[in-house]
Amino acid sequence: MGSFSNGLISGTVPILAVWFFCMGATIQLRASGRVLRRSGSLVLTKIAVAWLVAVVCAPLLPIGGIPSGPLTGLSVLALVAAMDMTNGGLYAALMQQYGSSEDAGAVVLMSLESGPLISMLILGASGLATFEPQLFVGAVLPLLLGFALGNLDAQLRQFFAQATQTLVPFFGFALGNTLDLSTIVHTGASGVLLGVAVIVITGLPLLLADRWLGGGDGTAGVAASSTAGAAVATPALIAGMAPQFAPAAPAATALVASAVIVTSVLVPLLTALQAGRSRQRIG
């Protein structure tokens, strides 16, 4: 195929770099203290839970993933990638329906979870990997450049923000071309279980954090217990920087993709249920 077609098929990293830049542009420096409190409590809780899961599971799981059985392909890489990044678009949509403007505004800091940086920090802090400083700089630089431009000019922020959703199918297409269908088939049940585990393991701490730290009723916490679509790219990106994760990356990618679908279906239902319970409690 021609160079343009090859670029579209195999250009996961450059497409993601543009997406990270655009996500950085959506982060507003002038958010109110209450919004920062709400979003900060959710983001820090989700990162802390993912780190704790990595520490607990590291001695239990092979670094290349479980080779067979009902949990085929499950690895620390898959767990961290699925748990440390919230689906910001889903969260914002749910909060516009069930929450307040402050709840919806909490997505402002969730953009910081975008990209492999948080996963790199978690894997490094848990002793599973060592990353060179330049890799951290390379991972965060597009986000910082977008952040700088987005806060210099509101029109630029609005312009780049429009591309965050547009680019998702393109890096999804490029990433999908790297997957083996047999891997997806073999990890099917594991992916469903991972999606449920993400909701259960992160959902309860997020609900409590929203109530006790964020001053909410728990609805925002439940809405944040999802897996972002961009997290599907994290295993491959991490494996490119830390070769010891290369054997786990294909299965982890398939598992995280399944978790994205499962959480996208279940989280809205659970959020609606939690919102209804909160209204009954107030009433």
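Including glycine, each Cβ sits where the backbone N, Cα and C put it.
Keep in mind that TrEMBL annotations are predicted by a computer and have not been checked by a curator.
Features reported for this protein in TrEMBL:
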TRANSMEM  12-31  transmembrane segment
TRANSMEM  43-61  transmembrane segment
TRANSMEM  73-94  transmembrane segment
TRANSMEM  106-129  transmembrane segment
TRANSMEM  135-152  transmembrane segment
TRANSMEM  159-176  transmembrane segment
TRANSMEM  188-208  transmembrane segment
TRANSMEM  220-242  transmembrane segment
TRANSMEM  248-273  transmembrane segment
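The transmembrane segment (73-94) makes contact with the transmembrane segment (220-242), as judged by at least three Cβ pairs under 8 Å among residues 6 or more apart in sequence. Taking residue pairs at least 6 apart in sequence, the transmembrane segment (159-176) and the transmembrane segment (12-31) share three or more C-beta contacts under 8 angstroms. Here the transmembrane segment (188-208) does not lie next to the transmembrane segment (159-176) in space: the count of CB pairs under 8 Å, restricted to residues six or more apart, is fewer than 3.
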